[in-house]
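**Q** Swiss-Prot feature annotations, pasted as is:
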REPEAT    5-39  repeat 'PPR 1'
REPEAT    71-101  repeat 'PPR 3'
REPEAT    102-136  repeat 'PPR 4'
REPEAT    137-171  repeat 'PPR 5'
REPEAT    204-238  repeat 'PPR 7'
REPEAT    239-270  repeat 'PPR 8'
REPEAT    283-313  repeat 'PPR 9'
REPEAT    349-379  repeat 'PPR 11'
REPEAT    450-480  repeat 'PPR 14'
REPEAT    482-516  repeat 'PPR 15'
REPEAT    584-618  repeat 'PPR 18'
REPEAT    655-685  repeat 'PPR 20'
REGION    690-765  region 'Type E motif'
Amino acid sequence: MRSGGNKYLASLLRCYRDERCKLSGKVIHGFIVRMGMKSDTYLCNRLLDLYIECGDGDYARKVFDEMSVRDVYSWNAFLTFRCKVGDLGEACEVFDGMPERDVVSWNNMISVLVRKGFEEKALVVYKRMVCDGFLPSRFTLASVLSACSKVLDGVFGMRCHGVAVKTGLDKNIFVGNALLSMYAKCGFIVDYGVRVFESLSQPNEVSYTAVIGGLARENKVLEAVQMFRLMCEKGVQVDSVCLSNILSISAPREGCDSLSEIYGNELGKQIHCLALRLGFGGDLHLNNSLLEIYAKNKDMNGAELIFAEMPEVNVVSWNIMIVGFGQEYRSDKSVEFLTRMRDSGFQPNEVTCISVLGACFRSGDVETGRRIFSSIPQPSVSAWNAMLSGYSNYEHYEEAISNFRQMQFQNLKPDKTTLSVILSSCARLRFLEGGKQIHGVVIRTEISKNSHIVSGLIAVYSECEKMEISECIFDDCINELDIACWNSMISGFRHNMLDTKALILFRRMHQTAVLCPNETSFATVLSSCSRLCSLLHGRQFHGLVVKSGYVSDSFVETALTDMYCKCGEIDSARQFFDAVLRKNTVIWNEMIHGYGHNGRGDEAVGLYRKMISSGEKPDGITFVSVLTACSHSGLVETGLEILSSMQRIHGIEPELDHYICIVDCLGRAGRLEDAEKLAEATPYKSSSVLWEILLSSCRVHGDVSLARRVAEKLMRLDPQSSAAYVLLSNTYSSLRQWDDSAALQGLMNKNRVHKTPGQSWTTYGNDLDSGFRK
């Protein structure tokens, strides 16, 4: 009778649990206590189930504590409840106190650790489980693989894959999807994930979504599109997460193959239409993804239309719009959206303010950037970094350093980004003392061997011509340096005219086989080849460029063109230039300059006219290049016509360099009076360089009278310059007026004016050396 009564009570408790009738359950609880049935573990487990289902933790705890005998079910039930409510501390306490555990116990503990963000601890618990002789279930592996995904531990994930194969769980859709997600996030979707997908008998929307996301992360554009197409053909339901993943491949990203440009914004628009057709028009996450795609593809008009039609927006939506307009140099729109955001009741977060700051500085609106920064109550280090980066990128280096000092007064500790920005500013200003102070700060911190910091320090000392210090810093950290530091050191050698050392260091880097040269490495070392006029080395590096896949990089293309031009291989330069698919203004300028440098002025002018007819807009450097070519080839009238067209047709105001070219052109042609008139009529008549050019022409044509007049003007403009004395002395010497030349040398000594020694390069076989001559 007693046993039958217990079964009846247990049945009632199950019914009350299913219906969540806690009050009725408490009545039964009271009856059990009065009848002395608390020792019945089975009944107590039913009470525990009731209170857990009703979410009454206090009574569940009371029942659990008062149980005289607890079995594995009791422990698991209470552990499951503590895990469900997220009470990690008590869950660990219950788990550690369990006299015996089963797979459910381990699964609960691993699951709660993963959910609460303790993935590493979850993996440790899993290892303990295996050591205790328990075989993982599908729930175990799913949780452990989720932990591997979050900590990006693909190696441990592969071990779990092996366990799944041995236990036959790899074909289970639950485990299979977890494997796909892990491989996708760890970057192994192509190597291993696709095989897992193919082994699943009936992949579902989660399977397809994971594979598409992984392929998108690895920039496998075509494969991702094909997988999405297969998903649609199989009739698998497409959800908003899948659409977000496929959308991500239509955004331009570094390292993405050319197919991303083919699909690009067009694919984004197609997915947008599909999302509307499938009824996801109100999905906030998907709409934010769409906004981001339009913004990244520089279609802010389209993004603004989507934003206006969104039924719901959040801070992320506003931030995407603000960043997008900033990338397009439209700070006015960024500020407008910030104002609208506040008016709509949204509180801008730090990301918002930093985004607006970036937009303002990117657009050159420094004053608005200052106001936005001043409106931040307590700027964080990230906000200061955005401000300092803005000043530095806009070439306001002094203000960057000044604001850095203000930041220090706020008792904020600069991070590696802060110090990198300030080191860059010090390098640009050649502010050695400031660089040394930052160096001291770096030595006292744990970031002394951070690659960005090391690169910045090398740049500072190189710009300040302290190459011995740069080399010490480089050698001290050589085993921990990345490509940026090597590039900085190579660039330092090039900047200090140590081009041979630049070539040697590049070879050393290439021979290590640890780091591969990038486009910056090649552009820098090719520049050194240009200055050394070393065609042999230049061709070797050209071969490496092709082998490394950087031949279509715009900087490398320009450097190669320049190298061939400087080495006198003008036809090779033109052949390479013609093969360039996307010519920008810089490479046009380089080729025009190359023709001029090699005395082929007619071809330089012809290429200039071809540039104009192609629709490429010339800049100031274009005109310097073509006017120089006119000067060296005696194309006086053509040069004057091109100078006249600068302002009249192209809207470019001639600067000093342009007038120098024309004065030189007129002077070379013997039209010295015209050259003098032009020099007097320019806004730069107080520039000594302009008159030095004219004085040099006087020597060539033997015009002593004009030479004296110009030399006197030069001496007034720059009394300590040796140019006037040397050029006038050379004029006297060319006309055999030795007494006048000697008198001028005496005057030069009397006034303590010294001539700067020249430098020349000497080639010994394949090696290069430099020497000085006076």
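In case you wondered, yes, glycine gets a Cβ from its N, Cα and C as well.
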**Q** Take the repeat 'PPR 7' (204-238) and count its residues per DSSP category (helix H/G/I, strand E/B, coil), listing them in that order.
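**A** In the repeat 'PPR 7' (204-238), the DSSP-based counts are 26 helix, 0 strand, 9 coil.
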**Q** Which whole-number mean pLDDT does the model give the repeat 'PPR 7' (204-238)?
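**A** Across the repeat 'PPR 7' (204-238), the average pLDDT comes out at 88.
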**Q** For the repeat 'PPR 11' (349-379), give the DSSP counts of helix residues, strand residues and coil residues.
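**A** So the counts come to 22 helix, 0 strand, 9 coil.
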**Q** Please list the DSSP helix, strand and coil residue counts for the repeat 'PPR 4' (102-136).
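**A** The breakdown for the repeat 'PPR 4' (102-136) reads 26 helix, 0 strand, 9 coil.
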**Q** Excluding the flanking five residues on each side, which residues at least 6 beyond the ends of the repeat 'PPR 18' (584-618) place their CB within less than 8 Å of a CB in that stretch?
**A** 554, 557-558, 561-562, 564-566, 568, 570, 573-574, 577, 624-626, 628-635, 638, 642, 650, 652
